[in-house]
Every structure is written in structure tokens, then in C-alpha cells.
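Below you'll find the structure, written out as C-alpha cells, and then a few comments.
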Amino acid sequence: MAYPFQLGFQDATSPIMEELLHFHDHTLMIVFLISSLVLYIITLMLTTKLTHTSTMDAQEVETVWTILPAIILILIALPSLRILYMMDEVNNPSLTVKTMGHQWYWSYEYTDYEDLSFDSYMIPTSDLKPGELRLLEVDNRVVLPMEMTIRMLVSSEDVLHSWAVPSLGLKTDAIPGRLNQTTLMSTRPGLFYGQCSEICGSNHSFMPIVLELVPLEFFEKWSASML
């Protein structure tokens, strides 16, 4: 989860988020090298006393500064497209959960079970217990099994919302009349926090998301107790 004065990303909890972090580092390295080269050239131009006003044509230079940026863009685009297609893949999910956005709470339905659904509201600050996080705790957490592919169906009952959990690399728009889907898989147990990431009204900041990823045996006990 996030912490005060954090500069980087949250710790990756899913394979997709790990890929996104690697892509971020890959792109940042390219940008850093280009920026260093440009800064070096600018420094040379500002400090040198030599002038060259007779150059009218430089085809070699023009060829290089056309081909080189194209190669750099390809090196950025290929891994980006790979991750984009990975995020859209939904292959034989073990569990499907339907998420509906409301002003201003989330409702969840485990579609593989006959009657397992609930609403998830933020716990007011006055009702928090010691150790709980302000504006992030909910009365009903979304309990899911870890190390299993889970499909999330996301939509909205009223206005635009966005269901986002940064440590899992998830951000899916909840659009009225449209059903979007995404997949998640956690590589470790724990509590993972998110929030609505689309301005949806006066209480937009009070729509937290809490996922509790647990081993399968604990999930089965929880689901049995909820039915």
C-alpha cells in the first residue's frame, strides 16, 4: 500500500503489475539517456567558440536523426503492446465477481455462487478502530483466493466511476450500460487498497476498495459462512 511521501509505485502484487514496473524502468532508462544526450549537446553549443555557418546540407545527420528515433519508438512500443494484450486476456477464470459502482459505494456479487452479494461502504472516521486507515477502510471487504485467476466485471448504476487497485495494476472504468472486464491474480496474501479513480460527485473521495487475498481454504470457509 501507499505510504507518506512515497515517490515510486506500490509494491507489485500481481504478474501484470510486475510487468508494468519493468516497462516503466525500461522506458525511464531510455528517456534518461536521451535527456542526458540532449543536455550534453546543449552544453557544448553554449560553451564552444567555434561556428560553422557554411553547412547547407547534411544528409547523413538527417538520416541518423530520422532512423534513430524510429528505432527508439519501436523499442518502447513493442513491450507496451505486449503488456496491453496481456491485460486484456481472460483465460478460464476460476472465479467471477461483478462490481457495480454507486454514488458513493460499491456493490459486489460473486456470480459463481447462488446468493453471495453485498454492498461495501466506507467506515466513517469516527467509527475507526486503532490501526485502521482513514478514508480507506470499508464495512465489507472483498475476499478473494490468491494465486487464482479472477475475472472482475465492472459497471455502474448511475454515473461514471473507476475501480482501481494500484498494487495489482488494476484500473477499470465503471460505465452505466456497459460491462467492462479485467482479470487479477495475487501472488501473495494480504490487504490491498484502492479507490474510485473517476470524479463522480461530491463524495467521490469516499469510495474506497479493500481486497483481502487469502489462501483458497480460507476463502472457502468465508464463502460458506456468507451463504
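Just so it is clear, glycine is given a Cβ too, placed from its N, Cα and C backbone atoms.
Per Swiss-Prot, Cu cation A1 binding site is recorded for His161, Cys196, Cys200, Met207. The Cu cation A2 binding site annotation in Swiss-Prot covers Cys196, Glu198, Cys200, His204. Annotation comment: Swiss-Prot describes Glu198 as Mg(2+) binding site, evidence class similarity to another entry. Residues annotated as topological domain 'Mitochondrial intermembrane' in Swiss-Prot: 1-14, 88-227. Among the features that Swiss-Prot reports, topological domain 'Mitochondrial matrix' is placed at 46-59, with the record citing similarity to another entry. Among the features that Swiss-Prot reports, transmembrane segment is placed at 15-45, 60-87, with the record citing similarity to another entry.
Its Cβ taken as reference, Cys196 (Cu cation A1 binding site) is surrounded by 25 other Cβ atoms within 10 Å in the chains shown. Annotated pair Cys196 (Cu cation A1 binding site) and His204 (Cu cation A2 binding site), C-alpha to C-alpha distance, rounded: 7 Å. Each residue in Gly101, Trp104, Val159, Leu160, His161, Ser162, Ser197, Ile199, Gly201, Met207 lies on the same chain as Cys196, Glu198, Cys200, His204 and has a C-beta within 8 Å of the C-beta centroid of that Cu cation A2 site, without being one of the site residues. Sitting within 8 Å of the Cβ centre of His161, Cys196, Cys200, Met207, and not among those site residues for Cu cation A1, are the Cβ atoms of Gly101, Gln103, Trp104, Trp106, Ser162, Ala174, Gln195, Ser197, Glu198, Gly201, His204. Straight-line distance linking the Cα atoms of His204 (Cu cation A2 binding site) and His161 (Cu cation A1 binding site), rounded to a whole number, equals 9 Å. The DSSP breakdown of the topological domain 'Mitochondrial intermembrane' (88-227), given as helix, strand and coil counts, is 21 helix, 61 strand, 58 coil.
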